[in-house]
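Below: the structure, in structure tokens.
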Amino acid sequence: MSAVRLDGKAAAAAVKEELRERVKALAARGRTAGLGTILVGDDPGSRAYVAGKHRDCAEVGIASIRRDLPASATQDEVLAAVAELNVDPACTGFLVQLPLPSGVDEQAVLTAVDPDKDADGLHPVNLGKLVLGMPGPLPCTPRGILALLRRYEVPVAGAEVVVIGRGVTVGRPLGLLLSRRSENATVTLCHTGTRELAGHTRRADIVVAAAGVPGLLTADMVRPGAAVLDVGITRAERDGKVKLVGDVAPEVAEVAGFLAPMPGGAGPMTRAMLLANVVERAERDH
Ligand SMILES: Nc1nc2c(c(=O)[nH]1)N[C@@H](CN(C=O)c1ccc(C(=O)N[C@@H](CCC(=O)O)C(=O)O)cc1)CN2
């Protein structure tokens, strides 16, 4: 591999170290940050991510509150769990793990979260603040990607960025974040239906692949020296074992100048940025 590895694990460890001190400072002022999670159903990926979030909280000194509901939970039951955390004083911020089972209206659930307790930055009010450039919690993966690029001094201002994927947790908010006046990138938001995808990616200084299509971005689609971030995760069964596969083909490492791999790139930073959102919210109160 010739690309410089954008090491999300190391970057996340540094963020967590700093947050641990801030949590101690909050405790000295009698304030405990508390993250709540609502998990519906038994998707193995979602279970693992939620468990990871609670482990991270324990590491940093944030209290955690779990609400796990069965896959058969009704929309009203999910909304009741949201209403409960909205008023729980021990919970200073919370999230609803996505995706929700079919039959539960994701937008209705996200909208029911108190925007002031929205640890994920996915409430319409907070996404609106992102559009307007107002301060507010930022979605965790986009925030983590920006932090990772900054840590490795990958130039963002003036860069041509191609984001592949228009989902609510990554592609769409990342496009908004990087095109803000303060970041000043020129962003093209592509998706699996984009005609001539390679024509866009070959012109890019930075490519973020978040479409959830294994091996979608191949070496011939990348300008030599470009920064590539693999944010796609597909759980594929190979030889009876579940394997995680990213959107970026392995040969891209020979062409790119920087590569955030999956695993070990944007994923750990997603987790670290959730903690940052929770700590910032608790600090705002005191
Ligand atoms: N409410 C939310 N739901 C979802 C979000 C989100 O930000 N908020 N993002 C993803 C899932 N996610 C966090 O929730 C997440 C995904 C991946 C990782 C991660 O660390 N990935 C590892 C590889 C996977 C593994 O080891 O199992 C990596 O890239 O190194 C963390 C969090 C969708 N849902």
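Residue numbering: from 1, along the chain as shown.
Any Cβ shown, glycine's included, is placed from N, Cα and C.
As annotated by TrEMBL, domain 'Tetrahydrofolate dehydrogenase/cyclohydrolase catalytic' applies to 6-120.
The feature domain 'Tetrahydrofolate dehydrogenase/cyclohydrolase NAD(P)-binding' is assigned by TrEMBL to 139-285.
The NADP(+) binding site annotation in TrEMBL covers GLY165, ARG166, GLY167, ILE233. The Cβ of GLY165 (NADP(+) binding site) lies under 8 Å from the Cβ of GLY171, CYS190, HIS191, VAL208, ALA209, ALA210, ALA211, GLY212, VAL231, GLY232, each on the same chain and at least six residues away in sequence.
Each residue of the domain 'Tetrahydrofolate dehydrogenase/cyclohydrolase catalytic' (6-120) gets a DSSP state, and the totals for helix, strand and coil are 61 helix, 19 strand, 35 coil. Cβ contacts within 10 Å of GLY167 (NADP(+) binding site), excluding its own Cβ and spanning all protein chains shown: 17.
ILE233 (NADP(+) binding site) is surrounded by 18 other CB atoms, counting those within 10 A of its CB over all protein chains shown. The Cβ of ARG166 (NADP(+) binding site) lies under 8 Å from the Cβ of ARG172, LEU189, HIS191, each of which sits 6+ residues away along the same chain.
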